[in-house]
Amino acid sequence: MAQKEIINKKNTQKNSSFIESNNLTSFDFFDAKKNSEIETISTGSLNLDEALGSGGLPLGRIVELYGNESSGKTTIALNAVASFQKAGKTACYIDAEGALDLAYAKSIGIDLNKLLIAHPRHGENAFALIESLIKTNKISLIVIDSVAALIPKQELEGTIEEQTIGLHARMMSKGLRRIQSILPDSKTCVLFINQLREKPGVMFGNNEVTTGGKALRFYSSLRMEAKRVELLKDKFNNYVGIKTKVMVSKNKIAKPFGVAILEIMFNRGFVHEHEVIDLALKFNVVVRAGNSYSFNNESIAVGKEKLLNVLSEKPALFEQIKELTVQQLANKNSFQQTAS
């Protein structure tokens with residue numbers, strides 16, 4: 001047995017004796033050994049997994065994904081749902097906006113027969129549902145789309161003339177406190193999609209702020225900002241997608257401030273082939289010499305477009321490169337988590 005394991009075992013026995021001898025067994029104490037490793041599930045994007053530094057979204061934590069309209073937030077969330085399903089997990093999509101495109105979700109790879117979809121009547125109803133889902137210990141991902149659409153019950157039942165300043169923020173604060181109290185003992189990731197608003201009267205600096213007050217940014221272990229940086233066109237000059245930059249503005253799991261560039265096509269979501277090639281080149285799984293690309297010391301293509309064509313024609317080769325790239329990414333993320 002390693003020296004570190006012996007020390008951990010002695011500390012565990014010492015802590016247990018202290019708790020029992022002082023009649024503290026009725027209280028919940030943090031099990032450091034049990035919670036030392038945080039389980040993560042891929043976001044469905046290798047580039048984003050690398051930027052997060054943890055390999056994906058953490059279970060037992062709150063995550064906020066925010067940005068302006070048409071920046072790819074919903075697509076990122078839907079790809080996460082598809083990834084969780086591929087890992088054998090169950091997901092729930094709380095569609096507070098009532099704007100979920102089921103056909104698009106299916107094109108991304110989501111099994112609609114296995115996806116729970118909810119339309120809460122008001123914000124308090126949504127938080128009650130989230131709390132109940134967490135307690136079942138059967139739901140691994142809960143997506144709330146979006147914070148801005150979580151209308152407080154008091155506002156919904158009142159008249160439109162009534163002043164409700166601060167009501168939304170108070171509801172968010174209370175709801176988040178309740179779910180945070182039970183979330184660490186669960187295997188559920190709660191992902192909130194949020195929007196940016198302009199702060200009136202700000203002349204200098206950043207004049208944008210997320211909706212719902214400050215509670216969500218406080219309780220979130222991860223915060224990701226999505227920003228559209230380019231519109232993608234095909235050879236006929238038609239718009240076919242967007243390029244989005246995602247910055248990890250807060251990270252309590254690994255190193256913060258990672259950046260991922262994502263290509264999102266309107267008809268199918270992420271362009272996984274480009275992500276695999278970019279990371280394969282970064283990790284030297286595929287080696288570039290001038291304009292030539294080689295794998296396992298064998299030349300496979302000349303030019304990047306030719307490389308894409310070869311990999312699309314040879315799916316077995318693509319899967320082999322992808323598998324090795326994912327292994328390299330997992331090793332890197334494991335090192336970053338240990339270092340952090």
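Here, residue 1 is simply the first one shown, and the rest follow in order.
Backbone N, Cα and C atoms are what each Cβ position is placed from, and that goes for glycine too.
Here is what Swiss-Prot records for this protein:
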BINDING   Gly67, Asn68, Glu69, Ser70, Ser71, Gly72, Lys73, Thr74  ATP binding site
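Where Swiss-Prot records a feature, it is marked here on the structure.
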residue: Gly67; record: ATP binding site; Cβ within 10 Å: 24
residue: Asn68; record: ATP binding site; Cβ within 10 Å: 14
residue: Glu69; record: ATP binding site; Cβ within 10 Å: 8
residue: Ser70; record: ATP binding site; Cβ within 10 Å: 12
residue: Ser71; record: ATP binding site; Cβ within 10 Å: 23
residue: Gly72; record: ATP binding site; Cβ within 10 Å: 24
residue: Lys73; record: ATP binding site; Cβ within 10 Å: 23
residue: Thr74; record: ATP binding site; Cβ within 10 Å: 22
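According to DSSP, Gly67 (ATP binding site) is assigned to a strand segment. The DSSP secondary structure for Thr74 (ATP binding site) is helix.
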